[in-house]
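Peer 1: Below, the features straight out of TrEMBL:
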ACT_SITE  184  active site, proton donor
ACT_SITE  307  active site, proton acceptor
BINDING   224, 255, 283  Mg(2+) binding site
DOMAIN    165-271  domain 'Mandelate racemase/muconate lactonizing enzyme C-terminal'
REGION    1-69  region 'Disordered'
């Protein structure tokens, strides 16, 4: 999407509301960032505006009550405008401890709706059609409760970016009690390696794996290539990994070695024929596919990765796991603590598998105090209330806020059209089954 600054005036602030029930943290009620980066005073009034706080049990003129907004389906919500649903919009910019996915700063738009805070944070390069699915997840989180959890906390894995081998111990030290680590591979740009992911870049990956096993000998290992290998490179890499002493026994899976789902199926069949002892997991072939169940039908993976935001929400992700019939790992999309809470709710609704939700450790600072980070290898389940002081300090600024608001509006219109045309299933409540052919 084009990054310019014209066309959208800042949205006015609305009165502060009490934290949602069950929030993980309590916000400081000092100065806060508002919808388009406008600061509120200690009284909740923005400079130059008259206070508009409704009385107890009242709504603003023309506004539906929170219980009415909670009761409608996605189509009903989208019939209105973003300002009808969200009373706060805060764009934030979080510095990272290491380059990850080619970025050193993570931006997100945090939204407060009748059920609590939600996050809208598709990566900047994602076009409106793909990003609109992320908006569906934000609407779900802002309007409905999370599913009842099976357990109060979920185990998480550490996540290791494609850092040089000498930084491995430093990064792993940020993950308290993790028993499993996901290692990024084939990301040659992050470590400054060669352009050939199957050449010198592979040697860097092997060195990183060796450093992990030296620093934490008992850790389970997962590798994630993000589809960067070609078929020949993938076979070369998997053969090298399988030859590492004890690696196949310690490795849970190789995640998305190639991007094309049919090539993924061929690679899995080849690995089985070669008796490499390595399992294949699908991520992009699930969350970026028109039909995520193609992976299961083709036998392209032993395991699937599901993420709440890219799949359109917690309930849609649960439906995909149910229909795929494969074991699943819940992972993050590099969200703030607000977005990670939705991932934790998803993981707590599935059988216990260490989730890739420890990514708050990759941020120098986060929006909650304390941030949603694992303690003893486990992440607590529950909504997160961002800290007002941190929202102000991490404010992305007026230019980036305007960009995010325009992006939200464009995705809102696109998602509305998808729902009206029957291209996106209007099924996000408990007990529903998502029709993946209708845009799940």
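Here the Cβ of each residue, glycine as well, is placed from N, Cα and C on the backbone.
Map the listed features onto the structure and describe their local environment.
Peer 2: Under DSSP, residue 184 (active site, proton donor) is assigned to a strand (E or B) in the three-state scheme.
Residue 307 (active site, proton acceptor) falls within neither a helix nor a strand when secondary structure is assigned with DSSP, and so counts as coil.
Secondary structure at residue 255 (Mg(2+) binding site), as computed by DSSP, is strand.
Across the domain 'Mandelate racemase/muconate lactonizing enzyme C-terminal' (165-271), the prediction's mean pLDDT works out to 91.
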Peer 1: Using Cα coordinates, what distance in whole Å links residue 224 (Mg(2+) binding site) and residue 307 (active site, proton acceptor)?
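Peer 2: Cα to Cα, residue 224 (Mg(2+) binding site) and residue 307 (active site, proton acceptor) are separated by 15 Å.
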Peer 1: Provide the three-state secondary structure of residue 224 (Mg(2+) binding site) computed with DSSP.
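Peer 2: DSSP call for residue 224 (Mg(2+) binding site): strand.
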Peer 1: Could you state the CA-to-CA distance between residue 184 (active site, proton donor) and residue 255 (Mg(2+) binding site) to the nearest Å?
Peer 2: 9
Peer 1: Among the binding-site residues listed here, 224, 255, 283, which has the most company in the form of other Cβ atoms within 10 Å of its Cβ?
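Peer 2: Sorting the candidates by Cβ neighbours within 10 Å, the top entry is 255.
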Peer 1: Around residue 307 (active site, proton acceptor), how many other C-beta atoms are within 10 angstroms of its C-beta?
Peer 2: 25
